[in-house]
Amino acid sequence: MSAGRTFAFAICILEVSVLTAGPTPNYAPEPEQQSGTPLPIDCRMSSWSEWSECDPCLRQMFRSRSIEVFGQFNGQRCVDAVGDRRQCVPTEACEEVEDDCGNDFQCGTGRCIKKRLLCNGDNDCGDFSDEDDCENDPRPPCRERVVEESELARTAGYGINILGMDPLSTPFDNEYYNGLCDRVRDGNTLTYYRKPWNLASLAYETKADKNFRIEHYEQQIQAFRSVIEERRSHFNADFTLKFTPTEAKKCKQEPEESCNGTDSSENRIFRFAYSKNETYQLFLSYSSKKEKMFLHVKGVIQLGKFVMRSRDVVLTTTFLDDIKALPTAYEKGEYIAFLETYGTHYSSSGSLGGLYELIYVLDKASMDQKGVELRDIQRCLGFNLDLSLKDKYEVTAKIDKNDCLKRNEKEIVNIMDGSLIDDVISLIRGGTRKYAFELKEKLLKGAKTVNVTDFVNWASSLNDAPVLISQRLSPIYNLIPVKMKDAHQKKQNLERAIEDYINEFSVRKCHPCQNGGTVIQIDGQCLCSCPIAFEGIACETGKKKIS
């Protein structure tokens, strides 16, 4: 069986890690001890604060509360907002500051642009108001030169959330060009792309590298650490993960509306990501009741690199309006809602591409019984193949169906018969709807033959839907324009909000696990990852060795 796909990319890293309990004995549960099983703990929140004074400009008042204890041991998790608002009639007048564009043109969005940008065919205003009332044909900056819009450039600068959630929107208007026609050539496809104003540099680079790594872990928590290591290395964070927004009300209540800071479009590229909450909970649900081995397959494809401008960046009208809508007096709920929408940090530079990451849950006992080794499974899935760039950037993966047959003394074992691979957990990021949904559909149907062919298919779609795969981060509050009203105060408030955000959802609000278990907080619920010799919702049940 073979599959071939042609696609352009910069770096292809196929990394295989083995996360395993090692050569540990099998255990069976001892008789249940009811006294050791903790009762469910429901989410507990503090009382609401008093309502704030009525903000004269926003015509709203606010209140907040805190999470005291997260749900744990099958109790109700914390899913409600910590902030609240309501309309009010102010008793003071609002001191509004009108935008003055001077000799420049004022857009319908309020943006100020140079008059030389009028009637050039570009959407410099963001609402095309600069292209109204044009008597003559547009004067496009690129004239007769052929250029295309870059999906890498559109994605550049996207934010990251310190607790792991993908931001709902981007602050940058990367479809603004300031009347320039800076072209960047993709050496793979020989296509010229137009570089947006916000990017100081954009490079399509072509490199190829492969790295195979095998590691063994004796406890599940060590496997979990390896999966979330990137986020922890960025922020020195504890085991707290939050993937579901609870404060960004606009995007929750109006799912059909665009939360991207730009107009919705039928042609908008879909960037796929599986539900991280469900994925991590599924991963943690595999206890050490039976000896498991986790085959961690990671393929990183880098398409290019970018560096954002350090000053004079053009931000989306939505981002600026949301900053203006923040109360000058600190209100925890409102500022956390802003962080959940745009991220706690943005990418000042980084790499774009896709992350192909799967975790195969292997049944170690069945492998031993049938004489199947780890390298046999790797060979069957095709992850021992060389993936190297050839002429015209063709990547071909050839899988022999006989590689999935293992002969032992008694029989011929089919590795794909279902008894060796318990599950496939996906952490894939990037790629278009077509290949991402095909793979998701395959997993939902219980397929356990996700292999290198699926990797090649997915990789071929990344040019159209890249995501950030590595970045240098800067706090989101650094983007507040210094000339905006109350800019200094709101910057200080956002600094405070990031600290409050970390403390509000800290794992310290969980009860400890028993017998050396590690507590992990995911989306308002505390879970226990148990050592090899224990199991249960609190690691309260010991396992006796099976002779």
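If you go along the chain as it appears here, the first residue is 1 and each next one adds 1.
Each residue, glycine too, has its Cβ placed from N, Cα and C.
Looking at Cys526, Cys528, the record from Swiss-Prot puts Cys510 in a disulfide bond with Cys526. Recorded disulfide link (Swiss-Prot): Cys57 to Cys94, out of the candidates Cys88, Cys94, Cys101. Swiss-Prot tags one of the stretches 235-242, 299-306, 331-338 as transmembrane segment, and that stretch is 235-242.
Cys107 (disulfide bond) counts 21 other C-beta atoms within 10 Å of its own C-beta, drawing on all protein chains shown. Comparing the disulfide-bonded residues Cys78, Cys88 by how many other C-beta atoms lie within 10 angstroms of each C-beta, the top residue is Cys78.
Cys404 (disulfide bond) falls within a helix when secondary structure is assigned with DSSP. The two recorded residues, Cys78 (disulfide bond) and Cys112 (disulfide bond), show a Cα separation of 44 Å. Other C-beta atoms found within 10 angstroms of the C-beta of Cys181 (disulfide bond) number 15, with every protein chain shown included. In this structure the C-alpha atoms belonging to Cys530 (disulfide bond) and Cys119 (disulfide bond) are separated by 65 Å.
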